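Below is one structure, written out as C-alpha cells; comments come after it.
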Amino acid sequence: MALAVLRVLEPFPTETPPLAVLLPPGGPWPAAELGLVLALRPAGESPAGPALLVAALEGPDAGTEEQGPGPPQLLVSRALLRLLALGSGAWVRARAVRRPPALGWALLGTSLGPGLGPRVGPLLVRRGETLPVPGPRVLETRPALQGLLGPGTRLAVTELRGRARLCPESGDSSRPPPPPVVSSFAVSGTVRRLQGVLGGTGDSLGVSRSCLRGLGLFQGEWVWVAQARESSNTSQPHLARVQVLEPRWDLSDRLGPGSGPLGEPLADGLALVPATLAFNLGCDPLEMGELRIQRYLEGSIAPEDKGSCSLLPGPPFARELHIEIVSSPHYSTNGNYDGVLYRHFQIPRVVQEGDVLCVPTIGQVEILEGSPEKLPRWREMFFKVKKTVGEAPDGPASAYLADTTHTSLYMVGSTLSPVPWLPSEESTLWSSLSPPGLEALVSELCAVLKPRLQPGGALLTGTSSVLLRGPPGCGKTTVVAAACSHLGLHLLKVPCSSLCAESSGAVETKLQAIFSRARRCRPAVLLLTAVDLLGRDRDGLGEDARVMAVLRHLLLNEDPLNSCPPLMVVATTSRAQDLPADVQTAFPHELEVPALSEGQRLSILRALTAHLPLGQEVNLAQLARRCAGFVVGDLYALLTHSSRAACTRIKNSGLAGGLTEEDEGELCAAGFPLLAEDFGQALEQLQTAHSQAVGAPKIPSVSWHDVGGLQEVKKEILETIQLPLEHPELLSLGLRRSGLLLHGPPGTGKTLLAKAVATECSLTFLSVKGPELINMYVGQSEENVREVFARARAAAPCIIFFDELDSLAPSRGRSGDSGGVMDRVVSQLLAELDGLHSTQDVFVIGATNRPDLLDPALLRPGRFDKLVFVGANEDRASQLRVLSAITRKFKLEPSVSLVNVLDCCPPQLTGADLYSLCSDAMTAALKRRVHDLEEGLEPGSSALMLTMEDLLQAAARLQPSVSEQELLRYKRIQRKFAAC
C-alpha cells in the first residue's frame, strides 16, 4: 500500500458522495474510471484487519492545482476524516482495489417515506452507513462488511422505529471547535480536579476538547499532577503535558449495526493517565481517584530563542541524568543498551528523582542481537532515575527535561524496584488488570500478596505462598499475571515440567537455580505451573522425599528480613488430588478458580469479540447460556472455531471461488462478520469433542416434536422443573422438588423425555449410566459420584440424568460385595441429593425399570420425591402420535396410511417397538432401492421413499418387546408406589 496525505476540500462537491475521495490531476493514481475503489487505513495502524473502501473520482473541477513533488494527495470531506479518526494532513496507506466484493444480500432500514430509488451502476456501501437521498440505512450486509450493491444483490427493507436518521454530513456541526484562547494570567494559580482513567502512552494527560476549554489550558501545556487524596502525602507532584485525545481508528466499531457519528472519545471531567505516570504518582491502577491539576507557571526560555514569539512555560533541561537499570526476569542487566537509550532520549523526556522510566524495545537492533531467537522477548525495559543535576527549577518538585542535546546520561548500576503495568495491543482479556469474569479471583489473590508489599511486610511471620487450583484452561495464569500487573510485581513463569530430571539431585539443582534467579528481580512472583509434577519419582507412582524436602525448605525457610523486597511463590495445579501432602501443606494459602456463571461467560465473550465484526443476529447472551460448563480456554477455542467456520463459509459460498490470492486479500480487506451460524457450528464441534469425555455436559437437540404421546407425563415433568425456573419467587416458600424418578417398562421413552426437557428448558444435560461410576479402587466410586454433581453445579442450570438407577443405588445391606462399595455409593448419593437444596439450578432425574429394588431412602421427601410412571402405548391414538413423531423426517409415499399400518400391529407397543418397526421398514426400502439401481430401474439421484408395502412387511414381523405378563407386573409396581 502506498503512502498518501489527506487534504480537506471545502466546500466539498454536493454531487459527490461524502465518503468518496477526489484525485487531483497529475497524481500517481490510475485514471479514475467508473468503479475505481481505494482501500484506506491510517499509516500507523497494523495492516491486519479490514480497511475502509472508498470510491475514487477525478477532481479536475475542484479548483485544485497540479500535483507537485512530494507524497500524493487525496482530497476528502470532513465526514471521511471523522470516520478515519484523523485530521487534515494525516498520512494514510492506500491501494487500488481491482475487484471490490459484490454484496449478495443487504438489509436496509428506512423511515416512512420513499424507498431506495433507481441507481445507475453498482453503489459502494458499508454496514452502518446512511445512503444518499432518499436515505435508507444499511443495517446488515453479506458476505462482507462493505462492498458493491448492484443488480445481483438481494435486498430486504425494514422500517426503522424510534431511530434517528443519521446523515454522514451534518454541515457546520462537523467542524472541530475552535482552540481555546485564554490568557495565562487569567487562571494563574488555579487548581482543578479531574477523575483519572488509566490509559494512553507517553507522559501526556489525555482530555477531551471541551474539558481542555473548561480547564483554560492550551494544547500541549505543562501542568503539575498529583493525587487529590489527603493520605497521599508520600508521592510528590509530577509534570505532564495536556493533550487533546482524538478518536482511534476501529473499522469494526465504525461499521457496526448501531454505529453513529463519532463524539468525544472521553467524557468531560475525565483524564486519560498513562500507566507510567500513574505508577510514579503512586495511584492504584484500578482506582485512580481524583487528580489535582495545576498550571506550570514559572518556566524557562532557551537563551537562543530570540525575536517575537509566544512560548508556553516549560521545565528546564537537566545537565546530568543518572539512572539504574531495574532488574527483571525478562532481560539482562549486563547488556549494552546505549543505542536504545540514545534513541529514546532523542525526544525530550520528563525525569524526576525516584521515577521509573519505560523504554520501548520494539524494533531495536540491540535487542534482536541479544535474543537467541532473533526476536524481542520483551516489549520494554525499565530504568530508575537515581539523580538529576541542573538548575534548581521552580515548583513543588524537581522536574527536568532530558534529551541527547542538553543532557549527559550515566548508567550507574542496577536496582530492585516494582514496575508499572503497560497496556498491550493484544486482546483485552489477556492484558487486562481485571480480566472479565475473573475479577473476584484477582482481587482475592491481590489481598493475599499485598500485605508483604507494605512498609511493615518484612515483620510478618509465615510466607505468602499460594496454591491456585482449577481445571485446565480456566485462567489460572491470566489471574496471576493480572495480580502481578496490579501490584507492580515482576512475574517469572516456570513450567514444572522443565524442572523434572533423571535424578533427584538434578531437580534440586534446577529448583535452587530458579529461586536464585527470582530473588535477583524482586519484588517478584515465581509462578510454578503444574506443580503436581514435582515430588514424584521417575515412575510417577511414588513420592520423592528429597525433592519435597527441598521445595518445602525453599518455600517455608525464606528469611523475611533478608527478603525485602519480597519474593512470593504462586503454584498452579489442575489435579490437586495428585499433589503430595507434604507439598500441599507448604502453601498456607489455597485459592480455587470457581466455575464461570452465565454473566461471567457473557463478559468474557464480549471481551474476546470486542474487536471482531459480528452479525446483527449474533446474541452473545444466548451464546453464553449455551456454553454452560465452559472455561476461559473453551470460550477462546469457540472464537477460533467460529473464525475458521466463517472462512470456510466464505470459500464455499461461491463468492471466493475461482478468485486469485489477491482477490481473496481484497475480500479480507473489506472485512466479513462472524454470523450466528458460525458460532453454532463451532459450538457443535466443541460439544462433540467434549462429549467424548465421560460425563461431559451439553445441551441436547431433542424437542417435544421428537416425543410422541405421553402428554400427562410431559405435564408432570414440566410442572416439576419448568415451574421453579419461570417463577423463582416460589423457591422462597420452599416449594421445590429435588428429584424426579421415571419408572416403567424398557423402551417407553424415559431417556428421550429427559433430553427433551433439557432442550425445551435450555438446560445442560448430564447423562450418567449407573455402572460407569463403579470403580475397583477404594473410595474412587464415591469420588466419581461427587465429580458428577460438581460438574453439574459448574454447568448450572443443569439436569443430571441417572439411567439404570437400580444398578447404582440398590437397597443397602443386600449387596454381595465384600467391601461394602455399593452401600458407600448409596450413602454418597444420598448426601449429594441432600445438598441440592442450596443449588437451585440443578435437577436430578432418575430412570429405572425396577423401583422396588432401589434403596428406600432415595424415595423419601427431598430426594426422588416425585415418581412418574412411563408406560406402554395401549391405545391407537397414542401409538399414532409416536409413529408420526418417528416418521416426521422420513419421505413417505402419498399412499402411506399410518393408521392402516397400526391396525396390522400388536395392540400393546412401546416407543422402542415402533422405532424398530420404522427401522425394519427403512432396511426393506434400502434393499429395494439397491435392487432397482442394479437393474437400472431408478436413477441414482432420486430420494429414498418409504412405501406402504415396506411398512406392512415390517409390521407383520413385529413382536412386542414387553409381554402382557410383564406389563401386568409393572402395573402392580405402579399401584404399589402410588398407594405409598
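Glycine too: its Cβ is placed from the backbone N, Cα and C atoms.
For ARG119, the entry in Swiss-Prot reads omega-N-methylarginine.
Per Swiss-Prot, ATP binding site is recorded for 470-477, 744-751. CYS474 (ATP binding site) falls outside any helix or strand according to DSSP and counts as coil. Around the Cβ of CYS474 (ATP binding site), the same chain contributes VAL593, VAL631, VAL632, GLY633, each under 8 angstroms and 6 or more positions distant in sequence.
Sequence-distant contacts of LYS476 (ATP binding site), defined by Cβ-Cβ distance under 8 angstroms and a gap of at least six in the same chain, are LEU468, GLY470, THR529, THR572, VAL593. If you draw a 10 Å sphere around the CB of PRO746 (ATP binding site), it holds 14 other CB atoms from the protein chains shown.
The most crowded of the binding-site residues listed here (GLY470, PRO472, GLY744) is GLY744, judged by how many other CB atoms sit within 10 Å of its own CB. Non-local neighbourhood of LYS750 (ATP binding site): LEU742, HIS743, GLY744, ASP803, ALA847, VAL870, each in the same chain, at least six residues away, with C-beta under 8 Å from its C-beta.
In the three-state DSSP scheme, PRO746 (ATP binding site) is classed as coil.
All protein chains included, THR748 (ATP binding site) registers 28 other Cβ atoms within 10 Å of its own Cβ.
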